[in-house]
């Protein structure tokens with residue numbers, strides 16, 4: 001029908017993770033945790049998310065609806081679950097790790113226009129399902145590191161029964177037929193609710209969910225039973241009988257104290273051993289050396305700090321998921337627990353508001369974002385951190401706001417970004433040359449930003465160079481605006497150093513205040529949170545938390561504040 005179907009048997013194994021009864025049961029974390037366990041058994045694992053929405057990618061979605069956009073090394077805007085995959089597997093994934101209905105239909109329609117289907121009537125089956133299968137099977141090829149995986153774990157978004165998910169489930173069913181039943185494992189995540197009035201756990205929702213899955217031709221090999229408490233053995237036996245799975249394959253997964261405990265929960269229930277046995281994979285013991293040390297740092301901190309996250313989307317923490325996980329990982333590096341104070345940036349627009357929201361925190365983080373709302377509050381928070389000597393880290397938009405605040409501090413009172421004020425007299429932040437058409441509405445917004453990993457050169461002896469332990473770094477980006485080079489010399493008179501640039505020196509990547517002026521005041525145009533791992537904290541986040549610990553233990557005295565500025569701030573407070 002215009003495409004070649006895969007019929008040959010393969011050494012690579014496929015695990016499909018589906019969900020039933022309700023959304024937000026933790027399919028992504030379950031898949032990530034299983035991937036971590038198989039990796040700890042010495043297997044090469046890669047992961048993929050199938051999203052049933054019609055958007056080509058989440059890049060243009062409202063963060064309040066979808067959460068953060070996770071950017072891969074090769075510049076794809078992907079689902080936040082891909083971030084979980086990278087953190088749990090401790091490896092970089094490519095753009096192939098996220099497939100959407102929008103991508104599938106766009107590809108099929110483009111092929112039809114080119115005449116690749118040789119006059120066929122293009123239909124959901126086989127053309128859409130074949131395209132999905134090709135995307136799934138492509139994960140068996142060499143990854144970004146040039147290695148071929150032993151196992152591909154594919155999470156199917158949505159809930160069984162959703163119209164949008166049907167082509168993806170059908171494609172998964174066909175893959176079991178194409179590559180051999182011994183090479184595919186179906187894992188279904190379902191809810192077992194507890195009814196307080198009767199004091200009972202109810203199995204009917206899971207039974208109906210599995211029945212819906214079987215109705216489309218998929219018999220699950222194992223069930224993840226999500227509940228707020230342990231599912232007793234008697235109920236496991238009942239579910240096993242009614243859903244036609246082995247009792248050992250009914251995995252009780254009560255809520256865990258930390259997401260990093262989930263691999264231990266699954267291992268205790270024997271899921272990884274069951275998967276290895278069913279797929280005929282080599283059996284090796286789990287090496288808990290690295291993950292065990294992580295759990296020790298998670299549950300046995302020696303210190304505690306509070307970090308204010310001053311953002312626009314704080315009503316939905318998932319909008320900053322990688323940032324919060326990177327902060328916590330930075331704490332793990334110092335064996336410290338990081339408590340996050342969510343501060344809506346609007347609260348910090350005045351000196352009094354900033355003081356009320358931030359006066360007793362140990363560090364401040366200014367994350368990325370888009371649009372004018374809340375910008376003056378971010379600038380106000382930066383001013384408070386600079387004048388009070390509070391450790392600060394700015395990310396992407398955070399760097400731009402740091403530059404705006406520095407410019408205003410030296411008399412450019414109306415300094416701004418052309419994103420917020422196109423006709424500003426002092427555009428210290430301007431549109432990148434290759435982004436002007438998109439900003440003007442003359443080109444697509446989706447997928448057109450400066451995306452993916454780019455190198456930077458750091459100034460020798462700078463705060464950031466010492467944090468990284470290197471003068472050559474690479475970070476992921478997602479932005480359309482940059483520091484206006486025409487203002488660099490002028491802004492430098494404020495004391496702000498441009499300590500990292502692109503290799504050609506044209507794009508500002510890092511700014512900072514020297515260590516002798518401020519304990520830690522750093523911002524980057526990049527998104528370093530995307531490369532942080534719980535077992536390998538990112539250097540900038542580790543440095544921020546280390547500075548926060550020192551700040552907490554030291555006397556909190558203002559640092560190098562002019563008398564008139566100090567008096568003004570105190571009057572405002």
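Heads up, the Cβ atoms here are built off N, Cα and C, so glycines get one too.
Copied from Swiss-Prot, the annotated features are:
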{"type": "ACT_SITE", "residues": "396", "note": "active site, nucleophile"}
{"type": "BINDING", "residues": "23, 162, 163, 164, 202, 203, 204, 205, 206, 207, 238", "note": "CTP binding site"}
{"type": "BINDING", "residues": "23, 202, 203, 204, 205, 206, 207, 238", "note": "UTP binding site"}
{"type": "BINDING", "residues": "24, 25, 26, 27, 28, 29, 81", "note": "ATP binding site"}
{"type": "BINDING", "residues": "81, 155", "note": "Mg(2+) binding site"}
{"type": "BINDING", "residues": "369, 397, 398, 399, 400, 419, 480", "note": "L-glutamine binding site"}
{"type": "DOMAIN", "residues": "306-554", "note": "domain 'Glutamine amidotransferase type-1'"}
{"type": "REGION", "residues": "1-281", "note": "region 'Amidoligase domain'"}
Counting every protein chain shown, other Cβ atoms within 10 Å of the Cβ of residue 400 (L-glutamine binding site) number 29
Who sits close to residue 207 (UTP binding site): which same-chain residues at least 6 apart have their Cβ under 8 Å from its Cβ?
239, 242, 243
Using the recorded ATP site (24, 25, 26, 27, 28, 29, 81) as reference, state which further residues of the same chain have their Cβ within 8 Å of the centre of those residues' Cβ atoms, listed in sequence order.
19, 30, 31, 155, 189
Inter-residue Cα distance where the pair is residue 29 (ATP binding site) and residue 206 (CTP binding site), in Å
19
Summarise the model confidence on the region 'Amidoligase domain' (1-281) as a single mean pLDDT, whole number.
91
Cα of residue 369 (L-glutamine binding site) to Cα of residue 204 (CTP binding site): how many Å, rounded?
43
Check the binding-site residues 23, 24, 203, 206 for other C-beta atoms within 10 angstroms of each C-beta and report the one with the most.
206
Count of other CB atoms lying within 10 Å of the CB belonging to residue 28 (ATP binding site):
24
Residue 163 (CTP binding site) to residue 399 (L-glutamine binding site), Cα to Cα, whole Å, comes out at 43
